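Read the structure below first, then the notes.
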Amino acid sequence: MKPPKQKKARQLEEKQTKLHDPHRPIIKDLLWFSLITTFFKVLLIPAYHSTDFEVHRNWLALTHTLPLSHWYVDETSPWTLDYPPFFAYFERFLSLFASLVDPTITDLYNGLNYKALSVIIFQRLSVIASDAILIYSIYKLTKNLESKKRFLIWVLVVWSPGLLIVDHVHFQYNGFLLGILLVSLGALQKGNDLIGGFVFAILLCFKHLFAVAGPVYFVYLLRHYCRGGILRGFTKLVTMGVVVVAVFVAAYGPFAYHGQIQEVLRRMFPFGRGLCHAYWAPNFWVLYILSDKMLAFVLAKLGFHIQTPTASFTGGLVGDASPFAILPTITPSLTFAIVLLAISPSLVKAWRNPQPKMIIRWVAYAYSCGFLFGWHVHEKASLHFLVPLAVVAVESIEDARHYFMLSIVSSYSLFPLLYEAQEYPIKVVLLLLHIALMWYGFSSQFSERNESDKRTACVLMVTGWMEKSYLLGFVVLEIWGQFLHPFLLGDKLPFLPLMMMSFYCALGMMYSWIWQLRCIVRSQ
Amino acid sequence: MGFSLEAGSSKKIHYCIRVGDKEMEKSRVTKAVKGDVNDNSAWGWLIHKGISAPFICISLFAILVRVAVSLHPYSGAGDPPKYGDFEAQRHWMEITTNLPVNEWYHNSTTNDLSYWGLDYPPLTAYQSYIHGLVLRFFHPESVSLYTSRGHESYIGKLLMRWTVLTSDVLIFFPAVLWLILVYADQWRRHKSNLAWHVAMILLNPCLILIDHGHFQYNCISLGLTLGAVSAILHDKDLVASFLFSLALNHKQMSAYFVPAFFSHLLGKCLKRQNPLFEVSKLGMVVVGTFALVWWPYLHSRVAILEIRAPSNRAFLYGLLNSAFSFYLFSFQVHEKSILLPLLPATILAVEEPFLFQWLTQFALLSMFPLLTRDKLVLPYIALYGIFISVYYAPNGKPDAPNTRSSSRLTSFLIAFVLLLSLALHIIYLTINPPKKYPFLFEAIIMLLCFSQFVLVAVYSNRKQWILSNQQSPIGIQKKQL
């Protein structure tokens with residue numbers, strides 16, 4: 001019986017070699033991929049940066065020069081610290097290196113609006129370096145997937161135009177924070193609930209905006225981690241509670257010691273802001289506001305007496321209520337209730353059947369609800385659900401189609417952040433490249449073999465005339481906003497292109513929310 | 001999970017590709033491409049469908065890299081009174097849009113030739129004219145006669161950068177596409193190697209840094225030359241002559257390639273049935289192109305011919321050798337001229353990956369002093385990094401046919417020279433040269449680069465000699481299917 005024995009021996013050998021080096025090619029691929037992205041990000045160093053750059057430089061100076069008790073009280077610069085304590089510690093850590101590179105960076109008074117090459121290179125490199133956590137998180141999430149899916153997820157997460165635009169041009173640290181979120185989600189997906197909860201608690205102490213998914217985490221961990229009888233469940237509940245409390249104590253403890261909790265909370269949750277940010281994030285309230293204005297216009301024409309509100313939607317009134325002519329006024333507590341209501345289907349599902357493979361979708365759904373119905377939402381918050389959805393986008397063709405559309409809507413809605421002419425080709429080509437990569441990536445994942453013409457890919461990615469015309473509408477919108485409007489209308493109605501863009505993207509966001517909701521409700 | 005073709009199967013594919021303004025129809029290009037054994041690689045999904053997917057994605061990435069490099073300073077930025085190449089190009093736009101054609105090259109009160117006089121042939125002047133019209137439409141102050149000297153503004157820089165970008169995309173990129181299609185047809189290569197090759201050409205750090213950083217229009221003349229090479233490989237000699245004549249008329253340095261082009265073309269003509277007729281056809285195309293370009297000046301030139309045994313592969317080595325001879329021994333050679341030998345080396349990248357990589361690294365080093373003066377150190381590092389990363393892409397680089405035996409001595413020498421190069425980079429940036437020898441470090445850098453260039457040139461000459469001794473005419477190659 002020689003041939004079967006030989007075959008067995010050969011198979012055993014192959015298995016052994018595979019076991020010895022399962023991760024080497026993945027790490028090599030990841031290294032190659034992250035090197036290219038890092039070098040490209042270096043090229044973006046002299047690009048335009050927003051006031052967020054000065055905000056973070058001020059925090060470097062603040063945490064370096066002042067003692068802890070003054071961090072949340074200091075008002076030397078208008079850019080006061082409004083992130084939770086772990087982020088302040090992070091800036092403190094960075095400031096150690098900043099002061100070595102150029103002491104003026106961390107000078108509280110002389111460093112105000114410091115624009116030298118040293119601070120630009122230092123801060124940009126700090127964002128690039130902190131992206132290492134994002135790379136690590138996608139490594140952990142994808143190391144057991146097959147290579148095609150794995151690489152596609154890497155491309156979708158790291159080369160997301162929105163992330164590159166916001167982090168490496170506009171200037172923020174979202175890659176680093178989203179990396180922590182993905183680490184937590186990855187742990188939950190594998191069943192390491194304690195680690196997942198622990199990392200999420202850490203994330204909350206870096207940026208409190210991520211707390212929108214708190215209810216989902218709470219219900220999921222309660223049902224999935226704390227199970228197995230009353231005694232066992234209770235001990236697990238206590239363990240998780242202790243871990244989370246420990247994290248919060250580590251963050252807020254020193255400030256509680258100085259009696260500063262009130263100041264900290266006041267900075268983190270500022271009042272006096274309106275329903276919408278200066279530039280309207282494409283959420284539900286855009287549609288609400290525009291309907292209100294339209295109703296007011298129509299009713300006024302019909303002869304009714306309509307009182308036009310005196311304040312704007314971006315500022316605030318006494319009591320933080322933004323004014324509406326016809327439709328009911330919206331208050332922060334109302335938005336809070338609506339968000340909770342919107343998240344509830346996923347909570348019900350998580351309660352009934354807490355399965356690890358659905359957790360990413362539930363958390364992404366929670367962030368979508370927070371984006372669509374929240375108070376004073378920034379357009380950058382769309383990254384919070386876009387990036388986790390990239391991980392599940394490769395699972396089915398419907399997920400891929402949804403992600404394709406959502407990614408375009410989200411990236412396009414971030415375009416107004418880069419309003420200077422110099423960055424225009426960058427953001428456009430970045431989006432086109434992303435579309436091409438998604439197009440070819442997804443269609444190669446899901447198309448049948450031997451079918452290689454573009455028509456199949458087109459059918460695969462965008463079905464139906466409505467979706468096709470919606471996506472083509474972006475081209476029309478861009479041509480109008482960039483070329484036709486200045487040419488035809490000049491300086492009149494300057495808010496019109498932005499308003500149209502918010503409205504148009506809001507439609508896409510609503511569609512995505514409904515699609516996600518349907519997906520969650522229909523799941524087993 | 002992988003996608004594989006049975007070895008030897010072929011597909012007839014009808015291409016209709018719209019690139020920029022040109023529509024190139026490549027109908028019935030027979031592609032017998034080897035099945036990809038390792039297509040479960042990380043980026044197998046990009047290449048298993050043929051060449052259009054990787055070409056589009058790599059082109060978009062290459063355009064993105066170019067736009068990102070454009071953010072950085074240009075040559076002579078903020079450096080009166082003479083500024084640099086950027087000011088020269090802007091000045092030529094000023095001259096060509098404001099003066100009649102016959103005054104462009106003449107010294108006069110309005111056209112002071114000592115301030116960046118036009119020193120390239122007329123096609124550069126026409127291109128400056130077209131770009132100048134664009135600038136005049138959007139930002140007239142930047143090209144107004146005499147008052148715009150030393151003009152530096154945000155929108156002016158942006159418009160100038162965009163003229164280089166559009167020239168690149170409209171001329172260089174289609175030429176690369178044509179080359180890769182013809183190359184794929186004639187040299188049987190894995191699809192992943194082709195994608196790597198496209199990346200190597202389009203992400204050439206030297207070209208991007210010079211054109212989009214320092215500021216020049218090499219992409220036009222190199223793109224036309226590349227088109228001429230593709231035409232020769234595709235057996236369209238008349239088109240090749242036309243394109244190469246245009247390249248010569250854009251920058252006279254393209255003459256570095258003249259010996260290779262004309263010897264190859266003449267050799268092909270002599271192999272045909274009616275040599276005199278063929279030669280005269282080519283001659284007419286060349287003379288006609290020159291006449292067309294020099295029409296306002298009514299000059300003409302005659303090409304010098306040499307005879308050799310023509311073969312496509314030897315032709316490519318011939319390009320490299322003739323460019324090198326000119327670069328190494330000509331009078332008043334600018335460092336940027338290294339782009340000329342670099343072009344055929346890039347075309348040969350799949351055949352000689354190590355040679356190509358070595359030449360690129362030392363071409364970069366030779367341009368380092370120039371780029372440091374332009375404050376382009378950051379994009380230098382970034383592009384060097386991107387180049388090396390893409391070079392070592394998994395499953396990208398083909399295994400060299402005669403893999404250099406990893407003898408201890410060769411590896412040690414390679415590592416030593418690379419360390420020396422790294423040390424020179426750091427020394428040049430950090431240490432001040434002694435007062436007695438202010439250009440000491442430049443001299444050392446150039447000596448090192450020269451030594452490596454000579455080694456590359458010697459190897460390439462030897463290779464061409466071996467190839468021409470093998471005597472493989474063009475006709476037999478095409479019959480291999």
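Yeah, the Cβs are placed from backbone N, Cα and C, and that goes for glycine too.
What TrEMBL says about a protein is an automatic prediction, not a curated fact.
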(Q) Looking at A:30-49, A:390-409, I want to know which stretch TrEMBL calls transmembrane segment. (A) A:30-49
Q: Kindly say whether the transmembrane segment (A:424-442) and the transmembrane segment (A:151-166) touch, using the definition of 3 or more Cβ pairs under 8 Å where each pair is 6 or more positions apart.
A: yes
Q | Sequence-remote partners of the transmembrane segment (A:151-166) [C-beta within less than 8 Å, at least six residues beyond its ends] | A | 29-30, 33-34, 37, 41, 44, 131, 134-135, 138, 141-142, 145, 172, 174-175, 178, 182, 380, 382-383, 386-387, 390-391, 393-394, 403, 407, 410-411, 414-415, 417-418, 427, 430-431, 433-434, 437-438, 441-442, 445
Q) When you scan the chain for residues with a C-beta under 8 Å from the transmembrane segment (A:116-139), skipping those not six or more beyond its ends, what do you find? A) 26-27, 30, 34, 37-38, 41-42, 44-46, 49, 53, 56-57, 94, 97-98, 101-102, 104-105, 153-154, 157-158, 167-168, 171-173, 175-176, 178-183, 186, 391
Q.
What residues elsewhere in the chain lie close to the transmembrane segment (A:195-217), defined as a C-beta under 8 angstroms and at least 6 residues from its ends?
A. 83-87, 90, 177, 180-181, 183-185, 187-188, 225, 240, 243-244, 247-248, 250-252, 268-269, 339-340, 343, 346-347, 350, 359, 362-363, 365-367, 369-370, 374, 381, 384
Q.
Can you tell me which parts of the same chain pack against the transmembrane segment (A:237-257), counting only residues 6+ beyond its ends and a CB-CB cutoff under 8 A?
A. 68, 72, 84-86, 193-194, 197-198, 201-202, 205, 221-222, 225-226, 263-264
